[in-house]
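Pulled from TrEMBL, these are the features on record:
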type     : residues : note
REGION   : 1-29     : region 'Disordered'
COMPBIAS : 1-11     : compositional bias 'Basic residues'
TRANSMEM : 77-97    : transmembrane segment
TRANSMEM : 125-147  : transmembrane segment
TRANSMEM : 159-179  : transmembrane segment
TRANSMEM : 191-210  : transmembrane segment
TRANSMEM : 356-378  : transmembrane segment
TRANSMEM : 401-421  : transmembrane segment
TRANSMEM : 483-503  : transmembrane segment
ACT_SITE : His495   : active site
TRANSMEM : 534-557  : transmembrane segment
Amino acid sequence: MTAESRRHRRPAAAANGSDPREPQPATDDAAVVKTTLALDNGIVIADDASPATPPLPPNPYSNHFPPDAAKFSSSPFHGFFTLFWLAVFLFMVRIGADNWRRTGRVLGENEIVGGIMFGRGGREVVVLLLADGLMCLGGTGVGWAVQRLVLAGWMDWDGTGWVVQSVWQVVFITGVVRLTLRRDWPWTHTVFFVLHGLVMLMKLHSYAFYNGHLSEVYKKRARLLATLKRLEKVSAAPSSAASSITTSRFTEVPDGIRERRRSGYDEMPDVENIVAVIDSGKSLDEQVHIFERVLKLKVDTLSHELRGKSTTPGRAYPDNLTLRNHYEYIVLPTVLYELEYPRSQSINWYYVAEKAAASFGIIFVMIMVSQAFIYPVVMETVRMKEEAVPLADRLRQFPRMLLDLIFPFMMEYLLTWYLIWESILNLVAELTYFADRSFYDAWWNCVSWDQFARDWNRPVHNFLLRHVYHSSISAMKVDKHTATIITFLISACMHELVMWCIFKKLRGYLLVLQMCQLPLVKLSRTRWLRHRAVLGNVIFWLGIFTGPSALCSLYLIL
């Protein structure tokens, strides 16, 4: 490990306590404004401006499943955790014994692995991996190239830059979907490639639009610095143009945060007028010093914005626009681009081995459950369609099919969550020195669907919050309720896209059910459910139990 890489790896910010993004007022003229409320193409971003290295949290790992056995055993939750995995182990023994009795093999016929995952001689697995590598390296690299062109002045972000970027994002996701349909991949390949493609799309969007916003900040700052240089050459003489500008509010220490909130990222109310007067070359009166003070405050604010969350000068904009920085972000387990992330100091290789073993073990359990309980039901629906069984007769099988799938799908649902958000993301985070492990919260205690949307998948929630919710409010000038509907709708469309790629037909069942969460959110805030946490949690779990199996049954039968 080089000395340079050590300097770039910083400890994580405190996981608990006060919010580091809470606005803090400036205390004197020389102080950098502590909080910058900027718009990432209409997106509110709040950053901590403290240049000090953030302290390492007491435990940078998962708060719910820490790697230290001694710490985990002190949790009242650890007994149920042990019971769950013991039950899973015994369940696998029971499935293996049934397979041995029926087929003479512990894995049974194993059609999922043999016929689906590694069919066609395993050639499609190689094609899948090559396509995924090209998508991650080449597809996302276009976003970096666009930002280099913007920085070089070949295009303006607020003009053609964001249009070019948006067009490429449409081409990117269209190519991902078309490839899965053209190759006619099985659902295992399709789920992996489409979900990974959506992750890369979010990374591509966040990288481009955040840096695109910073490019506009960079140009504004350069213009103000040039104005300050011209101000040094202006003589202090009476001027009616200067006297017409209100400057009394700058005789005291300005509150940068209040000024930026008042103007909503646009220039402070009088900055444009001040620049116009200076550019005119007219003589100024004694207000020249106040003008200089105002412009320097604005330059400091913009300089802080260009630093973002970085604690080292080499990572501020535009120094961050390097291939190394871009692809470092691509491999990190986050979809929200920042100039710098909290980093751990070393790799816990025992933790890496534990998460790697857990990942392969969970995949094995999921295959066994699918082979024993889900695959036979799917094959039955395929047989009914091949035999042209009338729709009415197929619908009569819906209740039985729902009951057959409800428990296997519940188990697959839980295992999928644990595989991705607890095992794989923590594994990647440990290998990349990524210290922010806030991938989820205690979603199993949710009492409403909006709480579930926040806690189930924290990285995607943060992405939607910045790039959809706040963007809708500031760019489209809609209220919070409309922004919430837009956010849920976009999320539902992305989920429905995955279902379309899997089943090769567009039905909209998942989209409709996901949008039905909005009235349920309203219901949870009524006086009948607001203070009834147990009832709210029961309603939540009923939805989790019945939702996945009902959706699968609908897509298979209809």
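Every residue gets a Cβ built from N, Cα and C, even glycine.
In TrEMBL, annotation is done automatically, which means it is predicted and not curated.
Tallying C-beta pairs under 8 angstroms between the transmembrane segment (483-503) and each of 77-97, 356-378, 401-421, 534-557 places 534-557 first.
Tertiary neighbourhood of the transmembrane segment (356-378): same-chain residues 88, 92, 95-96, 98-99, 107-113, 401, 404-405, 407-409, 411-412, 415-416, 418-419, 422-424, 427, 556, selected by CB-CB distance under 8 Å and a gap of 6+ residues from either end. Scored on C-beta pairs under 8 angstroms, the neighbour of the transmembrane segment (534-557) with the top count among 125-147, 159-179, 191-210, 401-421 is 401-421.
Taking Cβ pairs closer than 8 Å, the transmembrane segment (191-210) reaches residues 40-41, 43, 45, 128, 131-132, 135-136, 139-140, 142-144, 146-147, 162, 165, 168-169, 172-173, 176-177, 179-180, 185, 326, 329-330, 335-338, 460, 463, 466-467, 494, 497-498, 501-502 in its own chain, all 6 or more past its ends. Packing against the transmembrane segment (159-179) from elsewhere in the chain are residues 41, 131, 135, 139, 142-143, 146, 149-150, 193-194, 197-198, 200-201, 204-205, 208-209, 212, 215, 497, 501: each is 6 or more residues past its ends and has a CB under 8 Å from a CB in it.
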